[in-house]
Amino acid sequence: MQQTFYKYQGTGNDFVMIDNRQQTFDKNNTKLVASLCDRRFGIGADGLILLENHDNLDFKMVYYNADGNQSSMCGNGGRCLVAFANQLGVIKNKAVFEAIDGLHHAAINGDIVKLQMQNVDVIENHRQHVFLDTGSPHHVQFENQIEDFDIKTKGAKIRYGAPYNKAGSNVNFVKKISSTEFRVRTYERGVEDETLSCGTGVTAVALAMHYIGETEKNLITLHTQGGDLQVSFNAENGAYNNVWLIGPAKLVFQGKI
Ligand SMILES: N[C@@H](CCC[C@H](N)C(=O)O)C(=O)O
């Protein structure tokens, strides 16, 4: 049976979207997911997302990295899924859905999708980096030569090294532009390369920069390779709530597999 797929992107972080409300997709087929995400032999994407029915909420998000494995939360993917649900008529401009890290509220206005992220109350401030989990694990460190830097090699070394080892972490390199603007490049676990943008990654950078005193603002613009995102939050004694990831999410094309 042929299956319709949709390709979405959020600041260049791109995803294959499948409406799996009828449970027609072969969910445990890692090779199939990886082959659909392959940029030469497949559709090409950083990840694949299933939109599924939920008993009490608008829908459920099931996220796979480009390597074909289910993974932790994807912020840009969540924003793209909200745009997809809106396009399908599953929601009308507002959503509450379940992802692997819990419940998410979201709102869509034109191309702009606002996604509420999980509260963060544990942030590790190490000598050379900050580590936190914003739904996915993120290592954050400064890099002044950020424009001219081998993200893939340097990112992989950190991602596979101690203390992360096989389970790994996403790795974000940051340059401060001002107290409201930071430049970010991200090496993504499960893609095992730089992606043009990472939603949980820029969220981690915004909270980390506030936590270590690089900013006192609570609305931060993050410049990624694929465009600009914003993160807003409330800070209370080193803990963060009411965290929102804001930016564009767009349909690129659709087809049949
Ligand atoms: N692109 C993502 C992050 C996806 C999850 C990540 N690759 C992992 O396995 O931790 C985002 O926008 O948040």
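Cβ coordinates come from backbone N, Cα and C, glycine included.
As recorded in TrEMBL:
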type     : residues                                         : note
ACT_SITE : C74                                              : active site, proton donor
ACT_SITE : C74                                              : active site
ACT_SITE : C198                                             : active site, proton acceptor
BINDING  : N13, N65, G75, N76, N170, E188, R189, G199, T200 : substrate binding site
Checklist outcome for this item: Surrounding the recorded substrate site, with Cβ no more than 8 Å from the Cβ centroid of N13, N65, G75, N76, N170, E188, R189, G199, T200 and those residues left out, we find D46, G47, C74, G77, S136, T186, T195, C198, G201
Checklist entry - Over all shown protein chains, what is the count of other CB atoms within 10 A of the CB belonging to R189 (substrate binding site)? => result 26
Checklist entry - Going by DSSP, is C198 (active site, proton acceptor) part of a helix, a strand, or coil? => result coil
Checklist outcome for this item: Three-class DSSP assignment, N13 (substrate binding site), comes back as strand
